[in-house]
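J.: Per TrEMBL, the features are:
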type	residues	note
ACT_SITE	His202	active site, proton acceptor
BINDING	Gly33, Ala34, Ala35, Gly36, Gly37, Ile38, Gly39, Asp59, Asn119, Ile142, Ala143, Asn144, Met253	NAD(+) binding site
BINDING	Arg106, Arg112, Asn144, Arg178	substrate binding site
DOMAIN	27-170	domain 'Lactate/malate dehydrogenase N-terminal'
DOMAIN	172-336	domain 'Lactate/malate dehydrogenase C-terminal'
Amino acid sequence: MCTFIRRMRISHLNTARWLSTSRTNNMKVSVLGAAGGIGQPLSLLLKQSPLISHLALYDIVNTPGVAADLSHINTSTIVTSHTESPELYHCLKDADLVVIPAGVPRKPGMTRDDLFTTNASIVKHLATGCAEHCPNAFICIIANPVNSTVPITAEVFKDNGVYNPKKIFGVTTLDIVRANTFVAVSKDLDVNQVSIPVVGGHAGVTILPLLSQAKPTVNFSNEELTTLTTRIQNAGTEVVEAKAGQGSATLSMAYAGARFVFSLLRAAQGERGISECAFVESTVVPELPYFSTPLLLGKEGIAQNFGLGKLSDFEKKGLEALIPELSKNIEKGIRFNKFE
Ligand code: NAD
Ligand code: LMR
């Protein structure tokens, strides 16, 4: 799409925004890293949502092709394409929500922390764009290591004097999606009825499923608890190994990312009672300034943090075990911003 037509469309959208009496169906969502393994299927799911009037796609490569392709789908969401740093402004201006899957994925044998060297700089650059061009948007970080990229984003917003801890989220929804699936399959339950909170962070032992709080109530043997917890913690690695060098989870992540975005948008438009787990600034565990717990979402982001609830002895041990690792990951993100 040529730049002129794109600008016309953006300016038309902005006019429509001013004329509108309600924000319903008038939300702009920007996807940064839109041409990637997650970005493409995520954008496909978002294009189908009546909640989104404008889907702005940004990547350093291949964005025009992805945007042209999606723009032929007969839904009312307008798609615009933005490539290269100067166009980041147009992608982010007036955005209500930004989702960031930009960054490299793992290969077999790597930890998420091994991605830090490359992804920390990418996230810092994109977070700076968000702080400058759409400081009031909801920011949803998918890029790994989430345990560090969320603190990096928060620090960038603080440096720019626009930090709102209620609006910056590390997307951990895939852990919940996996926990629900694995428990439903192992206990022969209807997966649509299963809901498992997953707290902590998003890497290895920092992922802590609270199986004692499963809905509906389920009894697990000690062996089942260990097997299921370990599988949920290693599920990302399961996919990385199965893809054998071709990346990590993309399709299930797109599904999970879309679920999280839709929850936030519905809450932003006034729907009540919407809750999701996410990795956010937190005081739930005093040693950890960021932590994932179930959150009530509202018009301005986090309306209430539900905390940990009652933990089983097994989960208390898991919590103790994750604190040193998660603390290190968070500190690494905070330090990166100060010294890089
Ligand atoms: P990918 O390599 O397929 O796609 C990444 C995209 O980011 C590419 O299109 C690339 O061009 C783009 N990109 C790189 N630098 C950029 C920049 N500066 N600005 C804009 N775009 C840029 O990777 P993927 O499989 O889509 O995974 C992306 C990230 O998501 C990885 O870090 C991965 O570990 C992470 N991930 C997180 C979760 C989660 O649960 N939070 C789940 C799966 C993957
Ligand atoms: C996942 O959980 O699938 C993602 O964090 C990607 C990865 O590297 O495992």
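Numbers here mean position along the shown chain, with the first residue as 1.
Here the Cβ of each residue, glycine as well, is placed from N, Cα and C on the backbone.
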J.: Indicate whether Asn119 (NAD(+) binding site) is helix, strand or coil by DSSP.
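T.: DSSP call for Asn119 (NAD(+) binding site): helix.
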J.: By CA-CA distance, flag whichever of Arg106, Arg112, Arg178, His202 among the recorded positions is nearest to Gly39 (NAD(+) binding site).
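T.: Among Arg106, Arg112, Arg178, His202, Arg106.
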J.: Which binding-site residues from the set Gly33, Asn144, Arg178, Met253 have a C-beta atom lying less than 6 Å away from ligand 1?
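T.: Only Gly33, Asn144, Met253 qualify.
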J.: Whole-number Å only: compute the distance from the Cα of Asn144 (substrate binding site) to the Cα of Asn119 (NAD(+) binding site).
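T.: It is 7 Å, counting Cα to Cα.
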J.: Could you tell me the mean pLDDT the prediction assigns to the domain 'Lactate/malate dehydrogenase N-terminal' (27-170)?
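T.: Per the prediction, mean pLDDT sits at 97 for the domain 'Lactate/malate dehydrogenase N-terminal' (27-170).
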J.: List the Cα distance (Å, whole number) between Arg178 (substrate binding site) and Gly33 (NAD(+) binding site).
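T.: With the alpha carbons as reference points, the distance is 23 Å.
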J.: For the domain 'Lactate/malate dehydrogenase N-terminal' (27-170), what are the DSSP-based totals of helix, strand and coil residues?
T.: 61 helix, 31 strand, 52 coil
